[in-house]
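As listed in TrEMBL for this protein:
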DOMAIN    5-49  domain 'RNA polymerase Rpb2'
DOMAIN    128-246  domain 'RNA polymerase Rpb2'
DOMAIN    305-373  domain 'RNA polymerase Rpb2'
DOMAIN    383-450  domain 'DNA-directed RNA polymerase beta subunit external 1'
DOMAIN    512-603  domain 'DNA-directed RNA polymerase subunit 2 hybrid-binding'
């Protein structure tokens, strides 16, 4: 379990089928010691958790019936010992225990008197049900290895392992466990951590519980036992539910936190130095500690790159890049074939075509056209709902993450249906996880929203993409980004309909903000008088006439030329969103990476 902040805890089994817990990858101890430390004091409590034992009241006649059964827990003789503390002279009581019979001992008649003499109220016997016992033999083996017999011994054992020293008292030893995993200040799973634990272990813990709970630890142990007994599945590391996007904002937020904590530390130090002097906040606060952290994040981070500005497409694609490299990610050398490969969860989330051809192939990819990133960092893609074999036409689309999509059957976007949403064909091509069955419409859950849902912007600009060889499509989408803008561009005659959208979203062009009239236009600026009623004038501080400066022969990052020229005339009426200029690889508000090819046919 890797939290957002705090200690790591790992659970693993060894060759002898004993389960250990590792804290911060350093010291290991049996899992049962950890269970005792979090409140499952006796063997009986631990065995009852996993439904592995029967409790039997101690009486001479009662025990004779159970001769031949195995003991599941140690039989302990407990007593309280008083002694005088030499320093204080106080009488101190200590709980002591002695093992009368070990676990796994087969109960014999000779043992009955021993048990009665020890004053034990009840004993714990292993269940006769062999199938359950085989499943949970790990717990029996771990209990055998466990040297502690009570919560006190367990917390002291963990303290010794972590600190390599004897605990001064029981409170200190117990405090170390609480601070490690159950303290809000020291431990934080984060939103994603709590969401993943709840989904994986099918728990209902509230989302605002950011620390580990006892239920989490028990569920993890049970899941691991099921995994070892092949009753649970191992996670697929390349499934997009196990990979999330760390956006720039999130990384900056983390760096900002580091900067603030450093600044807080220096303020505390300065306050300690100046005892009773009179000082102002400016004497204490030095903002350079914060700004230097942020500057180094933008200046030296591996993923802080010089923007590719060859043309508007290159710019918008660079901003939609997703990388598996960088801090907290992979390195090119260590990334194997599986990480780079296309996974069925990439459908509608990551483009299966656009990726570099060199050593970074598959590690750097583009966001698909309709994909969006949710608040937890998982990529979602839109679908139309299908109910009882009918497409729900009047409801908005539903965005699903890779995890939500698992187990759902999804029809293609170009499956034919009428105005009421009924499919025209008796059987429909569909997609179920990584498989492509042909099924009846009433077995469908969802339907794609568009045929280009699978690709990124660059790949969606290729006409008749479905007729291309995949390798060539990859080269085509990469090479479009390298087109140098020409002085007189032409919008393509054969396009895919996305050209206008790319030009608009690249934000290079100027769009009208409302209804109005062009008052003045020249090569450098456009002035538009917007229609405003009295109410608008009352709440708006803007003048009715708005001036837009056009970019003239500006050098881009890649030394290409950005030059915008007006395409509206004086006195012309404009509508909201209307494009006012062209240039820099655009014509009439459409992306125009070059010129149309002239083809002559010789009769």
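Cβ coordinates come from backbone N, Cα and C, glycine included.
TrEMBL does not curate its annotations; it predicts them automatically.
Tell me about the setting of these features in this model.
Within the chain, the domain 'RNA polymerase Rpb2' (5-49) has long-range Cβ neighbours (under 8 A, six or more residues past its boundaries) at 55, 72-74, 103, 124, 137-139, 141-151, 153-155, 157-158, 161-162, 174, 177, 180-181, 186-188, 190, 212, 214, 217-218, 220-221, 224-225, 228.
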Would you mind splitting the domain 'RNA polymerase Rpb2' (5-49) into helix, strand and coil residue counts from DSSP?
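DSSP classes over the domain 'RNA polymerase Rpb2' (5-49) add up to 14 helix, 15 strand, 16 coil.
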Do at least three CB pairs under 8 A connect the domain 'DNA-directed RNA polymerase subunit 2 hybrid-binding' (512-603) and the domain 'DNA-directed RNA polymerase beta subunit external 1' (383-450), leaving out pairs fewer than 6 apart in sequence?
no
